[in-house]
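Novice: Can you read through this structure? Questions will come right after.
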């Protein structure tokens with residue numbers, strides 16, 4: 001008798017759906033609260049609070065519908081054996097166009113091409129509604145329909161260009177890997193991630209946004225002085241035209257070793273009332289670098305990736321596992337998809353752990369900025385970002401503990417107001 005792996009996976013998906021819906025309902029109730037938290041009274045205007053409340057409620061209603069449709073579709077795909085049916089149809093397609101369906105690489109690429117097309121079609125109505133109804137209603141969306149579809153086409157084009165060599169390499173590694181398969185897969189993914197982190201900001205990101213050097217002036221001088229004081233190897237300061245798509249704001253840094261770059265959204269520059277607030281936000285980001293948060297996260301991710309591939313090597317030849325999901329053959333890509341489904345419980349626990357660590361890192365980075373003398377400016381900057389992005393003012397504690405990678409504003413302000421503590 002074959003163990004009901006597939007039914008178990010669907011059962012857990014449904015259990016998690018009800019659990020997360022319960023948390024969503026708690027968050028939805030928190031969105032309805034008519035007053036600001038006491039610590040934010042006088043800090044954030046009632047007008048901004050009402051706008052943020054309306055935005056959060058709109059997103060919440062939409063989220064309920066999207067999650068329901070998603071769990072129904074995902075469960076139906078597994079229960080009605082859509083995956084094995086689609087695998088066979090992709091083989092038939094290859095025969096139709098005169099190619100060999102026994103070639104696993106070609107078969108896999110045909111299968112993934114169909115999956116990508118299906119995903120685009122099923123997700124399109126939700127994406128369009130989110131962008132052109134909700135985001136537009138609340139003043140965030142700035143992109144045209146043409147720009148939206150142009151970005152989507154570019155994304156699909158990149159998938160078609162980059163996907164085949166990556167998928168082909170994975171299949172060959174699995175077929176030839178032998179007893180060291182987990183090491184080979186991990187090594188390949190490590191190199192791939194480093195290559196992508198290198199080429200993405202240089203070759204891919206500019207396909208979607210325009211990056212220009214931050215003009216000479218007080219802001220550039222202050223950021224460069226801050227970076228120099230912390231021995232941060234800053235090579236370039238960029239402004240990205242985020243305002244062409246959205247009025248949400250952000251800042252980030254990237255680069256390896258002594259080739260670091262900082263990118264500011266033009267919306268961040270527009271929204272902050274003075275340069276000191278922007279510099280304080282950068283001080284927070286420098287805290288992540290100085291305290292090695294990025295390195296710790298990267299090493300942890302690599303360890304988890306290796307363990308995941310180790311687990312995959314243990315089950316990849318399980319005939320019962322494939323049979324439970326409706327497959328009478330054992331294609332590499334299907335094995336990876338099935339394995340991802342079977343470790344969903346572990347992934348939820350890992351994501352929860354990552355969020356706990358991430359929130360701790362955010363507090364440490366805030367404390368670092370405070371130590372540099374940016375407490376007041378960072379406080380003002382955090383409030384400004386919360387207001388301008390219409391972020392949730394009254395998060396439910398259970399929901400935020402489970403989902404949030406950043407602490408709620410109330411907690412971050414309270415930590416900044418605490419007496420100084422030593423930052424290692």
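Just so you know, glycine gets a Cβ as well, placed from its N, Cα and C.
In case it's useful when we look at the structure, here is the feature table from TrEMBL:
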ACT_SITE  285  active site
ACT_SITE  366  active site, proton donor
BINDING   284, 288, 362  Zn(2+) binding site
DOMAIN    31-210  domain 'CAAX prenyl protease 1 N-terminal'
TRANSMEM  6-25  transmembrane segment
TRANSMEM  68-87  transmembrane segment
TRANSMEM  155-175  transmembrane segment
TRANSMEM  181-203  transmembrane segment
Novice: Mind giving me a neighbour count for residue 288 (Zn(2+) binding site)? Other Cβ atoms within 10 Å of its Cβ, every protein chain shown.
Specialist: 20
Novice: Can you tell me how far the Cα of residue 288 (Zn(2+) binding site) sits from the Cα of the residue listed as 'active site, proton donor', in Å?
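Specialist: Here the two Cα atoms lie 9 Å apart.
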Novice: Which of 285, 366 (the active-site residues) has the most other Cβ atoms within 10 Å?
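Specialist: Of 285, 366, the one with the most crowded Cβ is 366.
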Novice: Quick one: Cα separation, residue 284 (Zn(2+) binding site) versus residue 366 (active site, proton donor), in Å?
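Specialist: The separation of the Cα atoms works out to 5 Å.
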Novice: Can you name the far-off residues of the same chain, 6+ from the ends of the transmembrane segment (6-25), with a Cβ under 8 Å from a Cβ of it?
Specialist: 60, 63-64, 67, 71, 74-75, 78-79, 324-326, 341-342, 344-345, 348, 396, 398-399, 402-403
Novice: Are there residues at least six beyond either end of the transmembrane segment (155-175) with Cβ under 8 Å to its Cβ atoms? List them, or say none.
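Specialist: Residues 104-105, 108-109, 112-113, 116, 120, 181, 184-185, 188, 192, 204, 207, 316, 332-333, 335-336.
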Novice: Tell me the Cα distance separating residue 362 (Zn(2+) binding site) from residue 285 (active site), rounded to the nearest angstrom.
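Specialist: For residue 285 (active site) versus residue 362 (Zn(2+) binding site), the Cα atoms are 9 Å apart.
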Novice: Long-range neighbours only, meaning 6 or more apart in sequence with Cβ under 8 Å: which ones does residue 362 (Zn(2+) binding site) have?
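Specialist: Spatial neighbours, sequence-distant, of residue 362 (Zn(2+) binding site): 405, 406, 407, 412.
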Novice: With the Zn(2+) site defined by 284, 288, 362, which remaining residues of that chain have Cβ atoms positioned within 8 Å of the Cβ centroid?
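Specialist: Checked against the 8 Å cutoff, the neighbours are 285, 287, 293, 361, 364, 365, 366, 368, 369.
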